[in-house]
Ligand SMILES: *Cc1c(COP(=O)(O)O)cnc(C)c1O
């Protein structure tokens, strides 16, 4: 339904008219239903191809018998474990139904019409969606080499700016910022402007000067760091993530947080997953090898790609990506065209298992005639 034909648009809140729904990766079941096939490969949503920790599965099972009960609305055990992990007080933690939920709480608490939300070109789609939903003005800084241009962003901070969003590394580009440049940026932002550093892929990053921004929380009270269990921890379906911030910010976020936003299975699984760092290490090792396999394959096909420190890589297919994406679907391969991120010729591919990567590369060779 287009906006012109939606009879309730006139009474919708400002900002909703220009909002486009988030486009998720195509589910495997949907593609297989459409094509009548059974062996498709989905490398479209930056999920962990190894699944999740066995301990997390056992913890989920353990919660089944209590399904009739509401979860612990305060997430006591999980918050306590996260606080210990980060060396902060439990009052600094805000639990989310995925970290997107925390991003949305930030928008609802700090953004309103007449003010500005600032992020980079090619930045993660939830920043504009959550911002637009609350009717704030969007400010989009041009990217540099597909990544955040912090100087350009800083120059765009004005009196009306309330929230600045930085993804480190960024999705869908995989680009990253080092500790020095990011901290200088945060230090230069006025204290009455919230800086969000989204670290959804931090576990995968293996760069010496890549920063864990949570170490700066006590220095910059206007900083919010977000983390998720959806990526390296392999718990995307359970929806659990969290924010780390000054307790005064967490207090405000918790005022808009829906009661029981993180279900019992998610809380138990996240808690168990945190303790299984061996699983995280195997995920990192597999990712490193798979990334090498993918970029070597791209180079052999003469395709350029955006160097990525995450569990995905975005490749220039040299022609409109929508048709390439469709052709790959017919080969049973689901990637993520990122034209909606201002990258009309780029396809984002999640690092999969060795055989999945190989399958994807050969489908690309066929479709692109390389
Ligand atoms: C995947 C992702 C998230 C979080 O997703 P949740 O599943 O809601 O935790 C947040 N930020 C970025 C940049 C992502 O790619």
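Cβ from N, Cα, C; glycine included.
TrEMBL lists 39-360 with the feature domain 'Aminotransferase class I/classII large'.
The N6-(pyridoxal phosphate)lysine feature in TrEMBL is assigned to 231. According to DSSP, residue 231 (N6-(pyridoxal phosphate)lysine) is assigned to coil rather than to any helix or strand.
In this view, residue 231 (N6-(pyridoxal phosphate)lysine) is surrounded by 27 other Cβ atoms within 10 Å of its Cβ, with every protein chain counted.
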